[in-house]
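> Have a look at this one before I ask anything.
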Amino acid sequence: GIENLPCELQRNFQLMRELDQRTEDKKAEIDSLAAEYIESVKNMLPEERVEHLKKIQSAYSKCKEYSDDKVQLAMQTYEMVDKHIRRLDADLARFEADLKDKLEGSDFETPGSRSLKKGRSQKEKRSSRGRGRRTSEEDTPKKKKLKGGSEFADTILSVHPSDVLDMPVDPNEPTYCLCHQVSYGEMIGCDNPDCPIEWFHFACVDLTTKPKGKWFCPRCVQERKKKK
C-alpha cells in the first residue's frame with residue numbers, strides 16, 4: 001500500500017546519504033595519497049611508485065563503485081514511486097468508469113450527465129472527421145483531444161482502467177509525440193490530417209489547457225510556413 005511509501009523513501013534516501021559520505025571519505029583519502037605521492041615521488045623506487053599509484057587507482061575505483069550504487073538506488077526509488085503512481089491512476093480510472101456507468105444508468109438528467117452526453121457527442125464528431133487512418137476507438141491514443149464539454153466528463157470517456165494498467169508494461173504499445181513515448185496524461189491531436197505524429201502530450205508542446213479552434217503541432221506549423 002501507499003502508506004508504506006514514506007518509510008521506503010526515507011530508507012532509500014538514508015542509504016544514498018551513506019553512499020555520499022563514503023564517497024566523500026574516499027575522495028579525502030585520494031587527496032591524501034596524491035599529496036603524499038607528489039611529496040615523496042623523487043625519493044621512491046619504481047616499484048614503490050607503481051604501488052602507490054595502484055592505491056590511488058583503487059580508491060578511484062571504489063568511488064566509482066559507490067557512485068554506481070547511488071545511481072542504481074535512485075533508479076529503484078524512481079521506479080518504486082512510479083509503481084505507486086500507476087496504481088493510483090488505475091484506481092482513479094476505475095472510479096471514473098464506475099461513476100460514468102452510474103450517471104448513464106440514472107433515470108434523471110443531472111448537470112453531470114448532460115456534460116457526459118455533450119462530451120460523448122463531441123467525441124463521436126471527432127471520430128467521424130476525415131482523418132481516415134483512425135476510424136475506431138482502439139486505433140486512437142488513450143487520451144483524446146478535448147473538444148468541448150467538461151474536462152471531467154472527457155476524462156471519464158477517454159480513460160479505461162486497462163489503458164492505465166497496460167501502458168507501462170506493453171512493449172508493443174505505439175508511441176506518439178515529439179518525445180516518442182507512449183500515450184499518457186492529456187494529449188492533443190494535430191488538425192493537419194497528414195501529420196506524421198498526430199498526437200502530442202500537453203507538456204511536450206507547452207500546453208496546459210486545450211486551445212480554442214484548430215491546433216497544429218510545431219512540425220506542421222513549420223511546414224505550413226515553408227509552403228507560404
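For all residues, glycine too, the Cβ spot is worked out from N, Cα and C.
Just so you know, TrEMBL annotations never went through curation; they're auto-generated.
The Zn(2+) 1 binding site annotation in TrEMBL covers C177, C179, H201, C204. The annotation Zn(2+) 2 binding site is assigned in TrEMBL to C190, C195, C217, C220. Annotated domain 'PHD-type' per TrEMBL: 174-223, in sequence order. As annotated by TrEMBL, region 'Disordered' applies to 104-148. Look at TrEMBL and you will find Y176, M187, D191, W199 tagged as site 'Histone H3K4me3 binding'.
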> Taking the mean position of the Cβ atoms of C177, C179, H201, C204 as the Zn(2+) 1 site, which residues outside that list, in the same chain, have a Cβ no more than 8 Å away, listed in sequence order?
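Neighbours found: Y176, L178, H180, Q181, F200, A203, V205.
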> For C204, C217, listed as binding-site residues, tell me which one has the smallest number of other Cβ atoms within 10 Å.
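The binding-site residues C204, C217 were compared, and C204 has the fewest Cβ atoms within 10 Å.
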> Can you check which residues sit near H201 (Zn(2+) 1 binding site), meaning Cβ under 8 Å from its Cβ, same chain, 6 or more apart in sequence, and list them in order?
Y176, C177, C179, Q181, S183, Y184, G185, E186, M187
> Quick check: which same-chain residues outside C190, C195, C217, C220 lie with their CB within 8 A of the centre of the Zn(2+) 2 site CB atoms?
D191, N192, P196, I197, E198, F200, F216, P218, R219, V221
> List the Cα distance (Å, whole number) between W199 (site 'Histone H3K4me3 binding') and C220 (Zn(2+) 2 binding site).
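That separation, Cα to Cα, works out to 12 Å.
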> Summarise the domain 'PHD-type' (174-223) by DSSP state, stating how many residues are helix, strand and coil.
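DSSP classes over the domain 'PHD-type' (174-223) add up to 9 helix, 8 strand, 33 coil.
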> Within the chain of C190 (Zn(2+) 2 binding site), which residues six or more apart in sequence place their C-beta under 8 angstroms from its C-beta?
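Counting only residues 6 or more apart in sequence, the Cβ neighbours of C190 (Zn(2+) 2 binding site) under 8 Å are I197, E198, W199, F200, W215, F216, C217, C220.
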> Indicate the candidate from C177, M187, C220 with the smallest number of other Cβ atoms within 10 Å of its Cβ, considering only these recorded positions.
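Among the recorded positions C177, M187, C220, the lowest count of other Cβ atoms within 10 Å belongs to C220.
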> Tell me, how many other CB atoms lie within 10 A of the CB of C179 (Zn(2+) 1 binding site), whichever protein chain they belong to?
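By my count, 11.
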> Show which residues of the chain containing D191 (site 'Histone H3K4me3 binding'), separated from it by at least 6 in sequence, have their CB under 8 Å from its CB.
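Counting only residues 6 or more apart in sequence, the Cβ neighbours of D191 (site 'Histone H3K4me3 binding') under 8 Å are K214, W215, F216.
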> Can you give the mean pLDDT for the domain 'PHD-type' (174-223), rounded to a whole number?
86
